[in-house]
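Asks: This is the structure I want to talk about, given as structure tokens.
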Amino acid sequence: VIGGVECNINEHRFLVALYTSRSRRFYCGGTLINQEWVLTAAHCDRKNIRIKLGMHSEKVPNEDAQTRVPKEKFFCLSSKTYTKWDKDIMLMRLKRPVNNSTHIAPVSLPSNPPSVGSVCRVMGWGTITSSQETHPDVPHCANINILDYEVCRAAYPELPVTRRTLCAGILEGGKDSCNGDSGGPLICNGQFQGIAYWGADTCAQPREPGLYTKVFDYTDWIQSIISGNTDATCPQ
């Protein structure tokens, strides 16, 4: 996260970090939506995913931090056919559920979509500088705004007209999610509204906001899968 500050240790109990058995570094974020399920971006899929819950500082782990592996993964499209612009969402079922604790608690799915102008909080262990990467020990948080989708279409002309995507950032630049924040949550007015998935090569530039999968549009799909209907189809 560019232009943010260290998150309050108590404000991100639902934030998880993804790493692989090979590389110890957190490469993506994710969001705990109940005791057994994590939502992230499809492009965060890897062979040997490890999921860290209840983390704040990597160097000094919380005593209630937990590690899990996924038992099942679900994609809107087969994991490799989502496009750069569309349906970048993955639901992972934990092999063992986690209990709520001081630093672990799920966030609920949104009951309404966010409106343009909403103030939202983006968070993650991604780089805090853009051209050279600097990975922080603790997650950083920044407040950004939901912008009109047309702002993103102006910045990225190849964006499709249909929108299951939120456009969010600061028009004048300076605050943004960045490399390593993908898959993590965008929280607007206390509701989990977006999954970070794409931004310009240099983060936090003026008029180049980030793109976030619009969680609200996928709530039926998510709830169907969680309730056992694994053939549920994604919104078109």
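Heads up, the Cβ atoms here are built off N, Cα and C, so glycines get one too.
Sequence annotations record features per position, and here Swiss-Prot assigns domain 'Peptidase S1' to 1-227 based on sequence analysis. Marked as disulfide bond by Swiss-Prot on the basis of sequence analysis: C28-C44, C120-C188, C152-C167, C178-C203. Residues annotated as active site, charge relay system in Swiss-Prot, with similarity to another entry given as evidence: H43, D88, S182. If you look up Swiss-Prot, you'll see N99, N100 marked as N-linked glycosylation site.
Are these features on the surface or tucked inside, and what are their neighbours?
Replies: In the structure as shown, the Cβ atom of C44 (disulfide bond) sits within 10 Å of 21 other Cβ atoms.
H43 (active site, charge relay system) falls within a helix when secondary structure is assigned with DSSP.
The DSSP secondary structure for D88 (active site, charge relay system) is coil.
DSSP assigns N99 (N-linked glycosylation site) to coil, not to a helix or a strand. The Cβ neighbour count for N99 (N-linked glycosylation site), using a 10 Å radius over every protein chain in view, is 9.
Taking Cβ-Cβ distances under 8 Å and a sequence separation of 6 or more, the neighbours of N100 (N-linked glycosylation site) in its chain are Q35, P106.
Look at C120 (disulfide bond): DSSP puts it in a strand.
Sequence-distant contacts of C167 (disulfide bond), defined by Cβ-Cβ distance under 8 angstroms and a gap of at least six in the same chain, are I146, L147, D148, Y149, V151, C152, P209, G210, L211, Y212.
Long-range Cβ contacts of C203 (disulfide bond) within its own chain (separation 6+, distance under 8 Å): I2, T127, S130, D176, S177, C178, N179, G210.
In the three-state DSSP assignment, the secondary structure recorded for S182 (active site, charge relay system) is coil.
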Asks: Expressed to the nearest Å, what is the distance separating H43 (active site, charge relay system) and D88 (active site, charge relay system) at their Cα atoms?
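Replies: Each residue's Cα considered, H43 (active site, charge relay system) and D88 (active site, charge relay system) end up 7 Å apart.
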Asks: Just to be sure I understand the packing, how many Cβ atoms besides its own are within 10 Å of the Cβ of C178 (disulfide bond)?
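Replies: If we count other Cβ atoms within 10 Å of C178 (disulfide bond), we arrive at 27.
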Asks: Sort the recorded positions N99, C120, S182 by C-alpha distance from D88 (active site, charge relay system) and give me just the closest.
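Replies: Of the recorded positions N99, C120, S182, S182 has its Cα closest to that of D88 (active site, charge relay system).
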Asks: Check C188 (disulfide bond) against DSSP and tell me helix, strand or coil, would you?
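Replies: It is in a strand.
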Asks: What are the sequence-distant neighbours of C188 (disulfide bond), meaning same chain, six or more residues apart, C-beta distance under 8 angstroms?
Replies: P114, S118, V119, C120, R121, I146, G194
